[in-house]
Amino acid sequence: MRGKIRRKLHFSKIYSFTCGKASFKGDHSQIGGPGFSRVVICNEPGSFEARIHNYGDNYVRTTKYTLASFLPKSLFEQFRRAANFFFLVTGILSFTDLAPYSAVSAIFPLIIITLATMIKEGYEDVRRKKQDIEVNNRKVKVHKHDGKFEHTEWKNLRVGDMVKVEKNEFFPADLILLSSSYEDAVCYVETMNLDGETNLKIKQALEATTFLSQDADIHDFAATVKCEDPNANLYSFVGTMEIAGQHYPLSPQQLLLRDSKLRNTDYIYGVVVFTGHDTKVMQNATAPPSKRSKIEKKMDRIIYFLFCVLFVLAFFGSVYFGIITEEDLENGRMKRWYLRPDSSTVFFDPKRAPSAAIYHFLSALMLYNYFIPISLYVSVEIVKVLQSIFINQDIHMYYEEADKPAHARTSNLNEELGQVDTILSDKTGTLTCNSMEFIKCSVAGTAYGRGMTEVERTMARRNGSPYVRQDLNGQNHTDDSSDKKPPIKSFNFNDERIMNGNWVNEPHADVVQNFFRLLAICHTAIPDMDEDTGKVTYEAESPDEAAFVIAARELGFEFYKRTQTSVSLHEFDPVSGNNVQRTYQLLNILEFNSTRKRMSVIVRNVEGKILLLSKGADSVMFERLAKNGRQFEAATQQHVNEYADAGLRTLILAYRELDEEEYREFNEKFTWAKNSVSADRVTLIDEVAQKIERDLILLGATAVEDKLQNGVPGCIDKLAQAGIKIWVLTGDKMETAINIGFSCSLLRQGMKQIIINLDTPEIQALEKAGDKGAIAKASKGSVLRQIKEGKAQTSASRGSSVAYALIIDGKSLAYALEDDIKKMFLDLAVVCASVICCRSSPKQKALVTRLVKSGTGKTTLAIGDGANDVGMLQEADIGVGISGVEGMQAVMSSDIAIAQFRYLERLLLVHGHWCYRRISSMICYFFYKNVVFGFSLFLYEANTSFSAQPAYNDWFLSLYNVFFSSVPAIAMGVFDQDVSARYCLKFPLLYQEGVQNVLFSWRRILGWMLNGLCSAIIIFFFCINAMDPQAFNSDGKIAGKDILGATIYTCIVWAVNLQMAVAISYFTLIQHVVIWGSIAFWYIFVMVYGAMTPSFSTNAYQVFIESLAPAPSYWIITLLVAISALIPYFSYSAIQMRFFPMYHGMIQWIRYEGRSHDPEYCDMVRQRSLRLNTVGFTARVASTRMQDRTYYHS
């Protein structure tokens, strides 16, 4: 019965899996002590012993608020902002006699703004709540009673529950693996959601629990688990399981983590040990670093500046008010008799002038608070959310093949996209596809494979060689038959000499046979055969390994079955000409790691011979060859070098035959080493393996290509034209990185390379001696010397058109990032056109990003696709995740996710420029309109002896920022375009306006404020002088305070909205509606409000219907004053556009004059460069044609 149900696959007999077994030595001695106090009663979660521990349930909450905490917490978040807190204080003061307006009118705008922000926060939290509900309501089978399992929701799981997880299901909590559908109780786990890796991990249960093969076996199972307390370490676990008085050690090999997935295994049984927020994935779910854009930070400083202006104006007015109040009553004579200073309150009492001045200061602070745009923050948030929607819905950034659109995961950094100075990019999976293709190989000293790599094509074009065309023509002739076949993933090999069984005719056919047989056997891939079609697919630990197995299959050596101790192939038999089945007994697997740089398997073939099959890096394989195994070494080494030059990844393949005695002796030592419980067990295993991996016979070398993504060279060229520096941080070796740099135009012919590495004879000699102190000292000195030499080279050629590329390896980078060297390293790097850091660790990537960000003070963008890029993405100002094949870890840690590197071009040059310009212009306009309004209040108060009297009705004051001027600004922030997307891409240099921050500099901000000051002065004095001495209407009545205030207010509403109409570059129907609608809404409001009872509308009662509308002078003044207020801005803009145009202005002239198709004129505009363009294929052309051309920027 069991044999039919459970898969018979004994991985415990393979080194890779057994060496992970735990012992009671070391960490297990801490069980029961501090940090190791958790006790789990298996199969009895409701027992008394289980209840006393009171562990949390499995409900997971990722929301920011709860129903109870939403109101206090969200209010706290709102009033942490200085501006909102200021308005709260002035709102509270408005309930006192100091207030120059009613309390309700003062509080109302604050309530509206606060409510709008709270609604936004609540909406976002509701979305998170829905995601939580979906996860918590997933179903899993839980043991209820009598060996019966029933579906229950994840949130109902308790510590100690026995669960059954089936194939392709996620683990609902952290589980201890008890058994699986395999007889040896192993299971395959995909941890993509945890670490971004798509390769499968193998877990194995304790031998003591493997008897739990069926549901009924669970009924009587009883055990107690004692283990470590909840922690965030994904890769460690210490515990023991007590079964029938026997104690068994637990290790990470038995731990199944929440949110990982069961793969290639029909089912597993497990016991819940950590639930909910105690699980390791939730312990790791720390909030991402808070990022604020530079514009937002500067906006805060502008607010503080306006606070200073407000206080200065209030102080100045209060001092003046105190002086004239003291002089109001002199020798019994009253100067301002209408204030009755002889019987006034403290606010106007000449005898208490200092107190009156202090009270006036407080009143003035409340009156002048309209300098501060209360709706600015919420308006900016609304605009950013809408901008993010446009980014998400851009069809030009939608990757149809994978059905993945762009996704702005945060809206806080939209404008930062328009200010990026440096891009730090991963290579594999970001610039390249991370989809390896077997394209070439060298077997028995003969090179096979007629395809050309992207690097070879680029190099051929760079050298002006006709080889590209010849190769393509030749390939077309030889590919006539194969072109009809559908492409095979991971296999792009073409050579008729060894395809279709033709290898039997090669001079060294036996070597070719052993070569591909090794590829089919030496791996840890798992075959999965479709029972309907008979097609075999593979689950491999890496794309490289999958490519090797597929290549072997396509060339006649199909790996189709793995059993407990064997590997089975369908091989092409050169004698019969047919495929035959061959089974190889799998004796040992010597696993690959970064230290060994190789992998080997030991098998016994059908003839009884024991073979060691090995593959690894050339740096470790050539030195292990036997004297009689070097027949093809010279030719193979030459081919490997050529493959590296072509940007290919290479591995050396070799083998040897072992005699029985040698293998028996090795196996005894190997078994002893892997069963060792000492701390240096891994070292012992490596030493034993190293002794057997010698005297190898060379077969050849493989070459796989990690292709560039479509559009990468063109994207890099555009970004370089935009003046953006590009750094590549990769784990690949230097030769591969350099060649990829050439293929994607980061490097070009004629560019001088500054290479920093530690491959010197002196350091190599020290490494052999093993003196770590001497090695570190010499290495640091060597790196420092090379950096100084590089700086000397760049300094000597300063002013010339020579471009430099800095290339540094990981060892050197470790020293270059030390505190006393990193500043010098950065100085060298920033003057180089391209920087490539090879063999970089994830930590080094993050440190380099931090160095560039802090050292230059400019905006940095990091882009990557794997879990090893997370630190870099979080460290940069903007993190962009590529939703590629390495999982979602980078995407989940990013600010923006895109599917292909090429979409970065549109994201930055189009959306980035638009967002930066829109946000900058919108904020400048906000300060302009508030200065106009606030300064008109100041001028009116100055005109009334600083008596703290407002010029306008209370509700006019309250609604100015909310309804009559803010909506057009929001529309500008969402829809305005200075140039179209086509022109943004045609003239990438436009992007430098954001990098240099010319649209949000203090000069531009203060210029807008000065424009507001001019407008306020023009409006106020024109209205005062036009209305003061004359009769206002046909009845001969002069204008009172109510009429004057309403007229000035009307002129301001017209002026600020017309200013918006003049400032925007791209009119849409929505902008027409909001601009003219805001003006119309003012008239509607003043009529409706004026029609209310006088007790509510106060001095605005019927002011429009009875006084303003019938008077022709009101309409004439409104027209003339509104137009006059625009004259300063219009004059300045016209002069600037005509004589001193900014770069976007020049492009607008091109469009206006219809010269967008004039190549000479466009080229002239394009060459008004802000910096020398030294990267990309455009720079390559420019360097050969215009070496002495001077670039300039007006």
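Glycine is no exception: its Cβ is also placed from the backbone N, Cα and C atoms.
If you check TrEMBL, you get these features:
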type	residues	note
TRANSMEM	79-95	transmembrane segment
TRANSMEM	101-119	transmembrane segment
DOMAIN	136-203	domain 'P-type ATPase A'
TRANSMEM	302-324	transmembrane segment
TRANSMEM	357-378	transmembrane segment
REGION	462-491	region 'Disordered'
COMPBIAS	477-486	compositional bias 'Basic and acidic residues'
DOMAIN	891-1141	domain 'P-type ATPase C-terminal'
TRANSMEM	922-940	transmembrane segment
TRANSMEM	955-975	transmembrane segment
TRANSMEM	1005-1027	transmembrane segment
TRANSMEM	1047-1066	transmembrane segment
TRANSMEM	1073-1092	transmembrane segment
TRANSMEM	1112-1132	transmembrane segment
Paired segments the transmembrane segment (1073-1092) and the transmembrane segment (955-975) in contact, 3+ CB pairs under 8 A: yes
Local confidence of the prediction over the domain 'P-type ATPase C-terminal' (891-1141), expressed as mean pLDDT: 89
Segment-segment contact (the transmembrane segment (79-95); the transmembrane segment (302-324)) at 3 or more Cβ pairs under 8 Å: yes
Cβ-Cβ under 8 Å with the transmembrane segment (302-324): same-chain residues at least 6 beyond its ends: 82-83, 86, 335-336, 353-354, 356-358, 360-361, 364-365, 368-369, 371-372, 376, 923, 927, 930, 934, 938, 941-942, 945-948, 1005
The transmembrane segment (1005-1027) vs the transmembrane segment (1047-1066): 3 or more CB pairs under 8 Å: yes
Helix, strand and coil residues within the domain 'P-type ATPase A' (136-203) as assigned by DSSP: 8 helix, 36 strand, 24 coil
